[in-house]
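Enquirer: Structure below; questions to follow.
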Amino acid sequence: MAEMRDEQSRVETREYLTFTLGAEEYAIDILKVQEIRGYDAVTRIANTPDYIKGVINMRGVIVPVVDMRLKFHLGEATYDAFTVMIILNLGQRIVGMVVDAVSDVIALSDDDIRPAPDFGATFDTQYLMGLATVAERMAIVVDIEKLMTSSEMGLVDQLSQTAV
Amino acid sequence: MSIDLSQFHQVFIDEAYEHLATMESLLLSLDLDAPDLEELNAIFRAAHSIKGGSGTFGFKDIADLTHALETLLDKLRRQELQVTDEMITAFLHCCDLLSLMLEAHQDGTHVDDQAVLESKAHLMRLAEGSESVLPVTVMPGAPESTFTSSPHLSANRWRIHLHPHTDLFSGAVSEAALLSDLAAMGDLVLISRAANSQRVWELTTALNLEALEEVFAFVCQADEVSFEALNETPQAVTDEDEEDAYGFFVDEDSLPAAQTIQEEALREEAISDEDPGFGFFVDLESLPAHSEPEAAEEEGFGFFVDPSELPAAQDAASQAALEAEQGFGFFVDESELPVHSSDTAEMLGRAAIATKNPVPVAPSQPDLKTPAPAKNTEKASGVKSASKAAAAETSIRVGIEKVDQLINLVGELVITRSMLAQSASILDPVTYEAIHNGLANLERNSRDLQEAVMSIRMLPINFVFGRFPRVVRDLSQKMQKKVALKLVGEETELDKGLIEKLADPLTHLLRNSIDHGIESPEIRSQLGKPEEGTITLSASHQGGSILVEISDDGAGLNRERLLEKAREKGLPISDNPTDKEVWQLIFAPGFSTAKEITDVSGRGVGMDVVQRNIAEMKGQVEIDSVPGMGTRIGLRLPLTLAILDGMSLRVGEEIFILPLTRIIESIQPESEQLKSVSGQGRVVHIRGEYVPLLELWKLFTLTPKFTDPEAGILVVVETVAGKMALFVDELIAQQQVVIKSLETHYRKVEGISGATIMGDGRVALIIDIDRLARMHKSDVAPESMSF
């Protein structure tokens, strides 16, 4: 019995959503994704960094939108009918994230994710869960919740950050 | 019976707070010279409910203290003792302690034992004050005491009849546990034992009926068990025909026997709140007397008919009673529940039984007055508890977040509707008449729906006013002044969020009135005023806002002293200030004219806090004062925090909302009105006044349509830093907007108080004009605010 359970947990996989920013492919836990929608009607907020595009109305809830392409200087920040936004649900908070494209949903087991080398990537390594290889491509697995609630993103009041 | 009781703790604590509030308001309204027996009973019931609950949940400290409280109250309601002011004070003190203890249980902290013991001892002392006078035998004319005085009698023999509707002991209830409980109370003898858990015991105990009922309260319904006193007590309470002590009573002066029974049933109800309390009371003036009404009933039914009820209701009612085989409570209150059919009766009855808890008093009616022209207190009791019970059945407790969610969803609906209307507006009205009609209907319905949902958040202002009689009483005693508080318009409804925020400022103002406003009785009589000062607290709707006023007939503000103090403090004042300007001085931080600092007021930290609190609620403070006649302070508040009357305006591509209450005027300036002050930006010259110019596009780094103020429009607004002229591209419309928080998913934004959703689904930001003015004043460069 115990062996069987071992067997099962070993092959237990989790699903990840992958998206591209420039030439790089990223993967985030799909359970943190609420929905994917087009980019529209963003209300600008004054005196914020350029990657904070503003706020949108998500069915009566005011949600901030971050353009990851601007934040990490990857790809080209154009806005058209094909621009997509991943709406993330991070516990108490909802955040919209603009990316180049959403590519796939992949299943990864913990073993598939290899520790990331300390190479001073675009993302600080503290937000990286590791690297995974999917069909010959490399995906960077990101701890999106940690990243979005970090002071680096400036999405959260510093005082309330501990509460998140 | 190993149920985890802790899950019910919160319910108990909530209820206990309600009971405490009821007790407090009743205590304060009690007339010392002629205490209303019914009010005393109500206070007793509240205390008893707390005691019962705390005992059950193992809050022994609370149970002990309430027991002492109850002992004294019991004597009062049996009229063995006269109510004194000292007692009221002791009761109030005890209420405070109890609420502290409840808090402590909630937080897991501890209450000062000494204070509890002292309060308990004090209550005991008061209760024993006339212990010697206490007759061992029952006083004539006070049938209420037959049962309850039993603790003082040596021992009572009770015959207990248990006749459950179901086979009790085969289910959840352990007979052994019940027996051991009973045995612990005294000598228990089993008299008979039948199937279906029917039992008859005889119990000899020093405890009273109440204690017995408590034991059974957790075993079965109150109507499934009956108690028969076997003592040689003067009143044979339990008549064989009336073995359940309930029935259909006709109250008529010519039927004294029936009256006794009725009183008795009512007393029983008063003792035991667990008991859904049934009896069928019909007032007689309106009805033909029933000859043998008891026959209609087998077990306890509650049926109260308000005297003013139509006789027609009685038919349905008695039918309901006849149909009912089990204990149904049927409470009729003219204002609440018109009787339609016996079905209603049955449903209500079931509901009443389902709630075995003490019937919580509806919070909105803490000092419910019986609307019925009560001929005697017994009848009043019936009607009163009936309407209370009815109110309890018709209100539910809902989490505020559920209501907010509902408001959000309705807001969405409204937006979706306006988007639909926009798309449909291009359709030909003749060909697509049906669509246009449908949309018009939708608009009407969704507006009604929105109003209805918003009204859920509305509560009567009594929630905050209710605490003030106590505050006034305590303070006036402390200050040795005589003050009467008059409350007006307590039913005025306003947003729950506002009500909570109103408590502090109102307390400050009330304290000020008592401390500075109302003179001492000696001075008042010298001035030819009545010794007792009056403070009136009123609330009313005025247009789209609520006006809360505190007025006193005291000394009024002293213009000279205010000016003198202002000069002393170096506050800027003009040479010949108007009264209004002088009164405004009291809002300056640290300003106090009190000659000496008392622990009530005089530290100068009151009025500026009041003004800040009110400003946070988007309200305004008005002062009127006449020396020697008194002071009136008015607080003007919006109806709700969730909706704002705003003006939408455009700068470049963006739309902003400006609170309408802050707008003074809007102008298109001429070039000669614009002046620049070196290093200070520009000012606008408006009718002899120089008003600083705030360029919204610069503050918010936008790309505007116009950069020249002459081309756009200036909105003159009132801010904490004085008047400001806000330069925008254009004004769009005046509209009501639903305020949404930016901080829920984002963070605070400088100069923005919130956001709203416009008809097209876009988000518009609401300008925090005070913050904006401060940004301008302190000359914070926009770049440095970005993080």
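Cβ coordinates are placed from backbone N, Cα and C, and glycine is handled just like the others.
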Enquirer: Labelled region 'Disordered' by TrEMBL, one stretch among B:357-386, B:507-536. Can you tell me which?
Expert: B:357-386
Enquirer: Within the domain 'HPt' (B:1-105), how many residues are helix, strand or coil going by DSSP?
Expert: 84 helix, 0 strand, 21 coil
Enquirer: Specify the count of other C-beta atoms within 10 Å of the C-beta of B:His48 (phosphohistidine).
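Expert: So the Cβ neighbour count for B:His48 (phosphohistidine) comes to 26.
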Enquirer: Tell me, roughly as an integer, the mean pLDDT over the domain 'HPt' (B:1-105).
Expert: 78
